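Please read the structure below before turning to the comments.
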Amino acid sequence: MPEKDSYEMMELEKTRTGSALYDDSSRMYDDPYRITAERGLQLGEAADMYGDVETAEEHGYVTRGLKSRHIQFIALGGTIGTGLFLGIGRAFTMAGPLSLLLGYTFTGAAVYAMMQCLGEMATWLPLPGAIPQFCARYVDGAMGFAVGWNNWYTCSLTLCAEISAAAVVIQFWNGAVDINVAAWISIIIVVVVALNIFAVSIYGEAEFVFASIKIITIIGLIIFAFIIDLGGGPTRDRLGFRYWKHPGAMKPYIADGNTGRFFGLFSTLVNAAYSYGGVETVAVAAGESENPRRNIPKAVRRVFWRILFFYVLGSLAIGVLIPYNESRLLDAIHNGSPGGAASPWVIAIYRASVPVLPSIVNAVILTSATSSANAFLYTGSRYLYALAQNGQAPRFLLTCSRKGVPYWCIGITASISLLTYMSCSAGSQSVFQWFQNLTAITAILTWMSVSVAYIRFHSALRAQGISRDTLVFKSRFQPYSAWFSLSFFGVIVFFNGFYTFPSKTKKFDHKDFITAYVGIPIYCGLYLFWKVFKRTRWVRPEDADIQTGKAALDAADAHWPERKANNWWEKIWFFIV
């Protein structure tokens, strides 16, 4: 725990670009230990961040209203959405079952390495928004600006993608086809805004329910795949790995032979990145989590099991249930068929002659899309809030309700969802595909920024004499894990648009090229704009601000109640959450 008299030094740190919002040294810096003890953690955190109680009282601050079970279920299933249920089908038909499995495994390993980095930083300093704050403090104020606005734009467009996907899914049922898609879009927008605008605990409860449904469904589908594969379905047909032999385990893409199979494998990496998108939400939520020093490490560790069971086993299950040239799946993707008709899971259920189940899975896909929209509205609003704290967005965005909700941030982020009404003219499936293509690479740029921030954070700890052995959560194999994830995602970003270049079978596709790479100049443009406008400097490890905002959290650590299980049921529940 840092000494109280060290905060005079922390006040001087606030004058550096990007490290804190206010640099008015004429204001008295209030002791966060005293404020936290006398007036509560919410005001104590705000005073620690802003430097005085008056500013904290003027704007308000977010609350720690997310319970342990909220955080754990957000980590396990909070952002499992249309990528795993719908988008995975396109990658499967392009590359084949083995390529799909390897693509999700490789990308999952890099995502897990990145989350280890983010988990360590978020446990040391659990701030609302988190990622823009870390980049600004440890790397460069310009990177905080770039990654913050890049993340906000990504979340806003992904919000549109999930709402559009939900509108597609609803049309799976015949009774919904004749109703204008604008009606469904309006209902979903109202629902997700209502879940976010009143209190963070309402968002947490909604995600707890949604995640529970998704987790149960994925586990059920994997068990279903195991039973059908061994011949336990109505047809009694034992599948084994027959589809890995005919039509094959790896489908050539663009080129023939081994080159084509390699291209097919590489094509799954971007699709997998979209499916994993939002995995960092648990760190964004750290700023509103109860007892974050306990709950965040536990949640980050469980990301490994989420990747293994849901994504890796899920991709394996699809590969043994249907062939990559399944005509119904190809037709559904090509024709933009509504809802679960384009889901490989639903196609597998039809092939197994299991009645009723397709409609149930489609309903789950609908709740998944709504859940992901809910999560991305929350995450986007907190990125905007973090930018305002960094002094890189208008100050009025700091204003919170009595319940600690940054309602301006939510309202502005939610307003972007109105773009989804393009579905009324262009078609829900087409709009969903546009948004998916636009946001896949921006998510990877965010993960690269996290890796860079961690490398600098690691250097800052060493330069300032803080042993990593004293950390509550110490991630493994650092900083090598950070360098691995940075390198892996860098390769994906650089070669992401390989399919757009001319070959023997196709001409150069400038539209797809722009879609594949537009995220890079946007990110670089944001970085250069703030770099030139504010003349920010690369933060030296010995000067990195790793303390501001930490004191109030240290003061509160002793006040979180200790959990004691009184019976075997509570022991099981406490193990889960």
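Placement of Cβ uses the backbone N, Cα and C atoms for every residue, glycine included.
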Which listed span TrEMBL calls transmembrane segment, if the choices are 153-170, 405-422: 405-422
Same-chain residue ranges lying at least 6 outside the transmembrane segment (73-92) that approach it to Cβ under 8 Å: 66, 100, 103, 161-162, 165, 168-169, 204, 207-208, 210-212, 214-215, 218, 267-268, 271-272, 274-279, 281-282, 285, 299-300, 302-303, 305-306, 310-311, 314-315, 318-319, 324, 329, 332-333, 340, 342-345, 347, 361, 364-365, 368-369, 371-372, 375-376, 432, 436, 577
Touch test for the transmembrane segment (98-115) and the transmembrane segment (477-501), at least 3 Cβ pairs under 8 Å: yes
Interface-richest range of 181-202, 208-228, 477-501, 513-530 toward the transmembrane segment (405-422), CB pairs under 8 Å: 181-202
When counting Cβ pairs under 8 Å to the transmembrane segment (477-501), the leader among 181-202, 208-228, 513-530: 513-530
Same-chain residues at least 6 beyond the ends of the transmembrane segment (208-228) whose Cβ lies under 8 Å from its Cβ atoms: 69-70, 73-74, 76-78, 80, 84, 239, 309-310, 313-314, 317-318, 320-321, 345, 348-349, 352, 354, 361, 364, 367-368, 370-371, 374
